[in-house]
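Taking it in order: structure first as C-alpha cells, then the write-up.
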Amino acid sequence: MSFVDEAKIHVKGGKGGDGCVSFRREKFIEFGGPDGGNGGNGGSVIFIASSAVNTLLYFRYNQHIRAENGKAGSGKGKFGAAGRNRVVEVPVGTQLYDEDGNTLIADLNNIGQQYTVAAGGRGGIGNAQYKSSTNRAPTYFTYGTLGEEHCVLLKLKIVSDVGIIGMPNAGKSSLLSRCTASKTKVSDYPFTTLEPHLGVAYANGCELVLADIPGLIENASSGAGLGHKFLKHIERCVILLHLVDCSLPDIVSAYELVRQELKLHSQELAGKQEVVILNKCDLLSEGEVREKQKLLESSTKKEVITLSMGDELDSLIVFLHAQVKKAVVTEPSDTSFDPFLYVHYNKK
C-alpha cells in the first residue's frame with residue numbers, strides 16, 4: 001500500500017430541502033388552511049480521527065466528498081428528511097489547511113476527534129409556518145440553502161511514542177522489525193526505507209508505538225535525500241531514539257550531522273528527549289565497542305546504549321516506555337493534554 005501524507009480535496013455539504021406550498025383538502029372541510037411542511041437540513045461532511053487508517057490514500061481516488069441533500073417538505077405538514085452526514089475516517093495526526101496551505105483549519109491529533117469540514121444547508125420553510133391572523137392562506141415558502149463548499153489541503157503528521165532517527169543504513173528498520181510485528185523492508189543499503197513505518201511493541205505489560213522514518217543525510221532539512229519530506233512525521237513523537245552505526249569510522253560526526261538537521265528543521269524537534277543507541281555492535285570486538293561507546297558518551301554528554309543483533313529487546317522496550325511516560329508528564333501543554341496519550345499511558 002502506498003504511503004500518502006498529502007491530499008487536496010473538494011468537500012460539499014448537502015443542500016437543504018425546499019419548503020412546500022400545500023393546502024389541506026378534505027371532504028366537508030371548505031377552508032382547510034395551509035399544511036406545507038419544511039424541508040430537511042442537508043447533511044454535513046465530517047472528518048473523524050481513527051486508528052483504523054494510517055495514510056491519506058483514500059483521498060487519492062476520492063477527491064470530491066459530498067454529503068446527502070435534504071428532502072423537500074410535503075403536504076399534510078410533513079417535514080422533509082434530513083440528508084445523511086458523510087463521515088470520513090482520517091488518520092490520527094491529520095491537519096486540515098485552506099486550499100493554499102497557509103492557514104491551519106483543524107488538527108485531528110486525538111482518536112475520535114471530529115471536525116465538520118462542510119456544514120449542510122438549512123431546510124426551507126413551508127407555507128404552514130407563515131399562517132397568521134392576517135394571512136390565513138399564505139402561498140409563499142423558502143428554498144433550502146446551499147451547503148458549505150470548500151477546497152481543503154490535508155496533511156498527515158504521524159503520532160507515535162518513539163521516533164527512530166539516524167543516518168541511512170543505521171539499522172532503524174531492523175530494530176523496528178525486531179521490536180514489533182511491522183513488516184518493513186530490510187536490506188544492507190542506504191534508503192531501504194522510502195516511507196514512514198509504524199509498529200507496536202509489547203513487553204512485560206508495556207505497549208509502545210514506534211515510527212521509523214527514512215534516514216537523514218546532510219542538508220535533509222533543505223530537501224536532500226528523503227528526510228525533508230518525512231521529518232514532520234517525528235514532530236509529534238514523544239521521544240527520539242537515535243541509532244548510530246557502530247561500524248562507521250567517525251560515529252561522532254554521524255551523530256552530530258543528524259542532530260544538526262533536526263535543529264535546522266525545528267528547534268522544538270531538536271529539543272525532544274533523546275535516547276542514543278550504538279547499533280550493530282556485533283560487527284566489532286568488545287574492546288572497540290567500549291572505546292566507541294565512551295567516545296560517543298563523551299561527545300553527547302548522554303548515556304549511550306549498545307545493541308547487537310542477538311540482544312533481547314524486552315528490557316529496551318520497558319526502558320523506552322518508562323522514558324515516554326516521564327516525557328508525557330513533563331511535556332508542554334501542546335501534548336500533555338492529548339487524551340490519546342493520557343488513556344494510552346494511564347489505562348494500567
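Glycine residues also receive a Cβ, built from the backbone N, Cα and C atoms like all the rest.
Record features (Swiss-Prot):
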DOMAIN    1-159  domain 'Obg'
DOMAIN    160-329  domain 'OBG-type G'
BINDING   166-173, 191-195, 212-215, 279-282, 310-312  GTP binding site
BINDING   Ser173, Thr193  Mg(2+) binding site
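Shown on the structure are the features that Swiss-Prot records.
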residue: Gly166; record: GTP binding site; Cβ neighbours (10 Å): 25
residue: Asn169; record: GTP binding site; Cβ neighbours (10 Å): 20
residue: Lys172; record: GTP binding site; Cβ neighbours (10 Å): 29
residue: Ser173; record: Mg(2+) binding site; Cβ neighbours (10 Å): 22
residue: Lys280; record: GTP binding site; Cβ neighbours (10 Å): 22
residue: Gly310; record: GTP binding site; Cβ neighbours (10 Å): 6
Tell me, by DSSP, whether Gly166 (GTP binding site) is helix, strand or coil?
strand
Whole-number answer please: how many Å between the C-alpha atoms of Lys280 (GTP binding site) and Ser173 (Mg(2+) binding site)?
13
